[in-house]
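**Q** Pasting the feature list from TrEMBL:
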- 24-48: transmembrane segment (TRANSMEM)
- 60-85: transmembrane segment (TRANSMEM)
- 105-130: transmembrane segment (TRANSMEM)
- 150-171: transmembrane segment (TRANSMEM)
- 196-218: transmembrane segment (TRANSMEM)
- 247-274: transmembrane segment (TRANSMEM)
- 286-307: transmembrane segment (TRANSMEM)
Amino acid sequence: MFTNIATQAEAGNCAVMNALVTSILLKMVIAFRVIAPIIGLFCMAFVLRNSRLHRRLHENAKLLCILHYVWTTGLCIAYIINYGFNLIQLSLSFSNPCEYLIPTWLSFNLAATMMIFILLQMSSMIALAIERTFATIRYKKYENERNITLLILLIILQFVVAFLIPYAYLIPSSNWEQPALGPSLITDDNLEKNQLFTIAFIVSELVVIVYIYALRYLNDYRRRAVRKWNSQSGLSIRYQLDENIRALNLVVPLICLQFIFNFTTAVMVYVIVAVEDDLDAVTYSIYDRLNGVLTLYPIALLILLFFKDPSMIAHFRKNFPQIRELSKVNPSVAVITNIGVNNISTPQFVIAENTNARFDQLKELFEANPKYEK
């Protein structure tokens with residue numbers, strides 16, 4: 001009986017595969033899903049090479065932030081492999097449409113690489129929130145201890161979560177007898193499980209965003225209190241509080257950006273699954289491939305860091321002289337814009353190449369105010 005069911009399912013997949021192979025629009029959409037992560041790779045290479053924000057953080061926070069960039073880069077590579085394989089699969093020439101089908105184990109493992117890097121990317125922000133929690137609790141000693149035990153445990157935890165979900169949570173519900181149309185983790189047997197853990201991760205990200213805002217408020221409150229202590233507070237305590245604030249100011253936009261992309265992807269997946277019965281196989285596959293919001297995350301991340309890290313703009317202008325020539329902004333004005341005249345007390349990153357511009361800025365301020373004249 002089971003053999004007959006499997007044979008019927010395979011025959012149905014052969015008919016679906018025949019329709020997919022002849023769809024030019026589907027191949028164009030898959031080609032876009034290959035090109036987008038290639039652009040993302042260049043974006044992440046530029047971020048890893050030129051970003052300075054994470055380099056001024058505590059060693060543990062810095063490495064976790066770098067790992068987030070590395071996981072994002074790995075996700076781009078996984079997308080290229082998966083959708084490149086799918087594009088080649090549909091571009092081959094076979095007389096029998098059943099020959100386009102691939103084994104379920106290959107389909108599952110190809111898609112699992114994407115899932116692993118998505119989970120590593122998401123959990124890296126949660127790990128950074130946990131690390132900043134310990135830094136907030138032990139703010140008087142955390143900087144001097146230089147303890148990497150917490151860092152190692154957080155990295156191990158990321159890998160455990162990333163590998164357990166596809167290979168321990170989803171894999172038992174997969175149907176290994178039925179050939180697959182392409183790389184995919186989702187089947188009729190594990191669809192409900194997939195939806196449950198997706199909701200769980202989206203909710204956890206939302207909780208972490210609220211929690212990080214609370215941590216930042218606590219560190220701001222302590223920093224204001226430290227100013228009242230004056231001589232009773234050591235420089236190391238003030239430095240640690242400033243570092244906590246800097247790290248949290250970096251984490252907040254990163255995790256908010258990640259939440260926007262993951263939430264949008266999850267909503268689109270639920271919509272596509274909900275209307276699956278009303279669509280033919282080709283239209284459903286096109287909509288499924290169009291749900292490529294996460295492939296645009298590296299591009300959005302680069303744009304975000306451009307606004308957060310002035311040194312990246314400097315490197316960009318250095319590498320592209322044409323853009324530098326078009327810029328007519330006075331360096332002194334640029335420094336004032338980056339620092340914020342009304343936020344002098346806010347901890348800021350000091351960039352060595354802006355030293356001369358800072359002296360010019362102070363000179364202009366003294367010359368513009370008559371009360372400083374003798």
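Cβ coordinates are placed from backbone N, Cα and C, and glycine is handled just like the others.
Bear in mind that TrEMBL entries carry predicted annotations, made automatically and left uncurated.
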**Q** Relative to the transmembrane segment (24-48), which of 105-130, 196-218, 247-274, 286-307 accounts for the most Cβ pairs at distances under 8 Å?
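**A** Against the transmembrane segment (24-48), the leading stretch is 286-307.
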**Q** Could you tell me what the rest of the chain brings near the transmembrane segment (286-307), counting residues at least six beyond its ends with Cβ under 8 Å?
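**A** 23, 25-26, 29-30, 32-33, 36-37, 39-41, 43-44, 46-47, 51, 53, 72-73, 75-76, 79, 83, 118, 253-254, 257-258, 261-262, 264-265, 268-269, 272, 279, 313, 316.
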**Q** So, do the transmembrane segment (247-274) and the transmembrane segment (105-130) meet, by the test of 3 or more Cβ pairs under 8 Å (sequence gap 6 or more)?
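**A** Yes, the stretches contact each other.
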**Q** Please report, as numbers and ranges, the same-chain residues at least 6 past the borders of the transmembrane segment (150-171) whose CB is under 8 Å from any CB of it.
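**A** Tertiary neighbours of the transmembrane segment (150-171) are 59-60, 63-64, 67, 108, 112, 115-117, 119-120, 123-124, 127, 130-131, 134, 185, 190, 193-194, 197.
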**Q** Which residues of the chain, 6 or more past the ends of the transmembrane segment (196-218), have a CB below 8 A from one of its CBs?
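**A** Non-local partners: 119, 122, 125-126, 129, 132-133, 136, 165, 169, 244-245, 248-249, 251-252, 255-256, 258-259, 262-263, 266, 269.
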